[in-house]
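What follows is a set of notes on a single structure, which appears directly below.
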There are 4 protein chains.
Amino acid sequence: MGKERKTIGVLTSGGDAPGMNAAVRAVVRMGINRGFSVVGIRRGYSGLLANDMDDMDLRSVSDILQRGGTVLYSSRCPEFSEQRNIKKAVENCRKAGIDALVTIGGDGTFRGALDLCREGLPCIGLPGTIDNDISSSEYTIGFDTAVNTVVQMVDRVRDTSQSHDRCSVIEVMGRHAGHIALYAGIACGALAVLVPEIEFTIERDVVAKMVSSLRQGKQNFIVMVAEGVGHAPAIAEQIESLTGIDTNAVVLGYVQRGGSPTARERVIASQMGHHAVELIEQGIGKRVVVFRGGKVVDLDIEEALAMHKGIDMDLYRVANDISI
Amino acid sequence: MGKERKTIGVLTSGGDAPGMNAAVRAVVRMGINRGFSVVGIRRGYSGLLANDMDDMDLRSVSDILQRGGTVLYSSRCPEFSEQRNIKKAVENCRKAGIDALVTIGGDGTFRGALDLCREGLPCIGLPGTIDNDISSSEYTIGFDTAVNTVVQMVDRVRDTSQSHDRCSVIEVMGRHAGHIALYAGIACGALAVLVPEIEFTIERDVVAKMVSSLRQGKQNFIVMVAEGVGHAPAIAEQIESLTGIDTNAVVLGYVQRGGSPTARERVIASQMGHHAVELIEQGIGKRVVVFRGGKVVDLDIEEALAMHKGIDMDLYRVANDISI
Amino acid sequence: MGKERKTIGVLTSGGDAPGMNAAVRAVVRMGINRGFSVVGIRRGYSGLLANDMDDMDLRSVSDILQRGGTVLYSSRCPEFSEQRNIKKAVENCRKAGIDALVTIGGDGTFRGALDLCREGLPCIGLPGTIDNDISSSEYTIGFDTAVNTVVQMVDRVRDTSQSHDRCSVIEVMGRHAGHIALYAGIACGALAVLVPEIEFTIERDVVAKMVSSLRQGKQNFIVMVAEGVGHAPAIAEQIESLTGIDTNAVVLGYVQRGGSPTARERVIASQMGHHAVELIEQGIGKRVVVFRGGKVVDLDIEEALAMHKGIDMDLYRVANDISI
Amino acid sequence: MGKERKTIGVLTSGGDAPGMNAAVRAVVRMGINRGFSVVGIRRGYSGLLANDMDDMDLRSVSDILQRGGTVLYSSRCPEFSEQRNIKKAVENCRKAGIDALVTIGGDGTFRGALDLCREGLPCIGLPGTIDNDISSSEYTIGFDTAVNTVVQMVDRVRDTSQSHDRCSVIEVMGRHAGHIALYAGIACGALAVLVPEIEFTIERDVVAKMVSSLRQGKQNFIVMVAEGVGHAPAIAEQIESLTGIDTNAVVLGYVQRGGSPTARERVIASQMGHHAVELIEQGIGKRVVVFRGGKVVDLDIEEALAMHKGIDMDLYRVANDISI
């Protein structure tokens, strides 16, 4: 005779991102309201292997909606590539009575979820990373907050750049992708946006625009650089040596990962967590919940992992057309 | 023999909204880069009637991307409902050499633009209002910033509500629509969201949920109220008299209109301004630029005005399912 | 034979204020580091009467430095004016092994502390209220954060006031005192600051200045009003009827009480909590820790309560001299 | 026969700082209200040598109170150490009709002002630098904003440090002084604060505290490092190699210079600008306006330059006593 209540496990994996807490909260609240028990697993797949987990109730997610980071902690788990660890994780879930798992993270997290599905544990993946580099989703939990953090910091840097007629080269996160740089570049009125997806030369894409812009009377400049294309200090030096304009470098670093999530982050993360429980309720597993066409929808995990997302070329064109 | 350069006029009308400056900037920059002259008209349609306008160059939109409000000023213009004033406006545009007009505002602004089109002046409307109550667009310039402002303020109110085991009733803007209340309600973890689009009773939709939530150990509550359903102080009194729980009211007021636009606001407003100039470049008029399916597209003005947009019922369901 | 370790109790009373948590944290950390046990009493003097208290350790104050409100909760306690309740509170402390008490709040809280001292319980008072209306201290915990909150909100209101050539009347907290209004008025560039400590007429102190300012080309105005002088909507109406200028009212409300404390708030609150424990360590009671001459010092409670602090007239003169 | 109106010149020099605009605004407004003409000199002493200056009226300082940076621009001017340039500057002032000069900047700026005084031009210095390293003043314009910026950024970093059980080493500005590091360290709950004024070893002052703190259950740590003691990445590496705890480095950089000034910044800068004009009105020159004992006062420039200010040792003790 089986137990009456089914149980959902939830974990966050990979780099933490603002809004993960909103997603966890939605899974817990919606899960309990639909009659599930919910178990929180700490430190991602590592915690699953180490049985580091606890029951969650409505109050265990109180007052976390507005907090950055993840109350479930996160970590990377290289051991999870080994088949015997996948089996051990599924075994641990069985022992803990976990019938389905919600995993919040990036494409790596989704691959782990697919492995677990193949061993018989129904999983739902939610896209959580500030980098927006998940191929199947237009939007990832953490991206909106990270871009706003960058914009607020560059607004500050601009004050001092203006006061000194300076050029500032800002290096932002994004791993191999330029999404943060592109969005923040438009939002900050950057003269140039350098991203790994698009070839560029400093001469043509920065210096020539700067010269043309100087003629229009502009005296201070922001150049937005994705970490995937190189380091801000080197680029700043190159610009200064080519133009003679005082140029400094700002590497924004880990500040971009944290902070209270924006409204949009909290709303979409809540929708996604809600949607994950609806899928589990209907007995559906092996799906990722994604944002496509401005909506929260779901896709088969394998299908999702096979997708490719480049940089938004229309947006890049906008960035260029209004930069001077 | 005609003049060589065509001229675009641009104005902001109705209530001001953060991001309007980003849209104006994109129109000016993209216009000039495509070979147009650009004329800024101050104080909306009133300024058009009063010939209150000036040439704009690349530098006249420097350093405005990050500013709330509108550098072109705004006003409501009741005289614009009279046909003779429409004709006068078109006449003023001709005299000023304006070949096409970009108008940024709400549905009322779009109706004015339609009237001008009918008198032979090609117009492009851009959706600008914090209320998100434009029927043809999923998103309006100003909405994201206003919702984030509400959320930041409620995060502050929550501190004090928690310290005193209190219920706080927050009244937000939105005129006849509940979009701000619904989004902010989810983002703030409100116990209940009261909007004009959905019938409710305080007993069932607030008090019953509060009682059930008290049993779970929750001691402080946020109730989000759209201005379209009534006044926060009256609702707070009603809740306090029904539950005995100390309940205060916060009317957020004009603070919601202002502030530096969010990253998303600046990006979408820039895309919209850019798109408006592309339409004019192609000789297309009588369109509105809107956000649909997560993308910037355009529609015929008349078609757009005939559309109807209700509240997002899926989102309302999410709000309810995770509120306790 | 007495116990080895002495015990300090700590509570927050009256209206909550940002920075109270920083003070509580400093008392707990410094107390434990100096060999004391620390007991946290919930909901102020009410909790003392109800024996609502718990032991605190180093980790119970983790991650609270940056939070608004008070983790110890607060309340007003009218019963505390009765002598038998004072005796009961002292009795409860004895039973709980509390040897000295740190009470954080306003002058009312200090009077309660004095009553307890007279019954033999050594107490140290810390000034905590956003209103800065504690007679013995130049600065109270919560004031800096509240003023910054007001300023950030008025910066938003200004955006929309400018866009519409409007006057905005801002009503701020402060009970019977005008400190918040005066500081925020200068920081916001208000045309006029109306406070209960200084007589004014709308005609002379607002309208005449507005007229003179209009002549200089100024088109939008901020008038800062302390809650102690009347309600913003009535004052806005009066200004509009006298000048014909579109005037709106913004009542900032409870938003002013919350929010993450500013750096200064956290630093001074930490110093004060630290100083309180140093006094107790030296066997000194019946003192308040205050800020005078730019420094954290201590005074006898009775002496402190007998002091009088008016509004800073030099600052008021600055406000006036640079307002136009 | 002399001209009727006397003229005040005003400039900002050295590194820009938030609040400089508030000081400039106060000088202009107060100056004009007391019957002076005011001339704004751009780019500090360089502009004085290049005659880069313009008349200012009440409206030329509109809407700048809330802006970071300096509308007068700033620069360093090494040529100003030459006596013939001092003479030239005084000559330029005479030609421009400038009777007295207000210079806003650091000790270097004050030395320039002293040189000008010696050549017969009455000067008043105002302390403006985020570093708070002016020997004669407890407070310098820009410090409060810079510390708050640091604190807000570290609050973000803490989110991600907590989610990953990490140590974060934060490098902040301050040149040869540790004031920003010390204040921000207390406000952020740093485990350790490393400043150039106080000897330390990583082993004793960081690692030993970390070990003791780990025993109490603490899992994540902030170490605050003033730029004057070395680079965060090297220190982070050292900590990681000594403890095995995942440790990252964040160099906050130029973000610390900008941003809308805090309320306190705007108030004190306004008072200082006001005070400078009062001195000039009384025919007093060769003074600096400083903050001492919690008040705005003035000192002889030479006397001021001869003063010495160390780090606040009481505050350092507080930082240490409550850090674990």
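Any Cβ shown, glycine's included, is placed from N, Cα and C.
The average pLDDT computed over the domain 'Phosphofructokinase' (A:8-280) stands at 96. Sequence annotations record features per position, and here TrEMBL assigns domain 'Phosphofructokinase' to A:8-280.
In sequence order, A:SER13, A:GLY14, A:GLY44, A:GLY108 are the residues of the chain that are 6 or more apart from A:ARG76 (ATP binding site) and have a CB within less than 8 Å of its CB. The ATP binding site feature in TrEMBL is assigned to A:GLY15, A:ARG76, A:CYS77, A:GLY106, A:ASP107, A:GLY108, A:THR109.
Taking the Cβ of A:ARG215 (ADP binding site) as centre and 10 Å as the limit, one finds 10 other Cβ atoms among all the protein chains shown. What TrEMBL records for A:ARG25, A:ALA26, A:VAL27, A:VAL28, A:ARG29, A:ARG158, A:ARG215, A:LYS218, A:GLN219, A:ASN220 is ADP binding site.
The Mg(2+) binding site annotation in TrEMBL covers A:ASP107. Long-range Cβ contacts of A:ASP107 (ATP binding site) within its own chain (separation 6+, distance under 8 Å): A:ASP133, A:ILE134, A:SER135, A:LEU305.
Under the three-state DSSP scheme, A:TYR254 (substrate binding site) falls in the helix class. Around the Cβ of A:TYR254 (substrate binding site), a 10 Å sphere holds 20 further Cβ atoms from the protein chains shown. TrEMBL lists A:THR129, A:ILE130, A:ASP131, A:ARG166, A:MET173, A:GLY174, A:ARG175, A:GLU227, A:TYR254, A:VAL255, A:GLN256, A:ARG257 with the feature substrate binding site.
For A:ASP131, the entry in TrEMBL reads active site, proton acceptor. Other C-beta atoms found within 10 angstroms of the C-beta of A:ASP131 (substrate binding site) number 25, with every protein chain shown included.
Using a 10 Å radius centred on the Cβ of A:GLN256 (substrate binding site) and all shown protein chains, the other Cβ atoms total 27.
With respect to Cβ neighbours within 10 Å, the binding-site residues A:ARG25, A:ARG29, A:ARG175 differ, and A:ARG175 shows the lowest count. Using Cα positions, the member of the binding-site residues A:ARG25, A:ARG175, A:GLN219, A:TYR254, A:GLN256 nearest to A:GLY106 (ATP binding site) is identified as A:ARG175.
Comparing A:THR129 (substrate binding site) with A:VAL27 (ADP binding site), their Cα atoms are 18 Å apart once rounded. Filtering of the binding-site residues A:ARG76, A:CYS77, A:GLY106 by Cβ separation from chain B (threshold: under 8 Å) yields no residue.
Applying an under-8 Å Cβ distance to chain D, the binding-site residues A:VAL27, A:CYS77, A:GLY106, A:MET173, A:ARG175, A:TYR254 reduce to A:TYR254. The Cβ of A:GLN219 has fewer other Cβ atoms within 10 Å than any other of the binding-site residues A:THR109, A:THR129, A:GLN219.
The distance from the Cα of A:ASP131 (substrate binding site) to the Cα of A:GLY15 (ATP binding site) comes to 10 Å. A straight line from the CA of A:THR109 (ATP binding site) to the CA of A:ARG175 (substrate binding site) spans 16 Å.
The Cα of A:GLY15 (ATP binding site) lies closest to that of A:ARG175, out of the binding-site residues A:VAL27, A:ARG175, A:ARG215. Cα of A:ARG215 (ADP binding site) to Cα of A:MET173 (substrate binding site): a distance of 32 Å.
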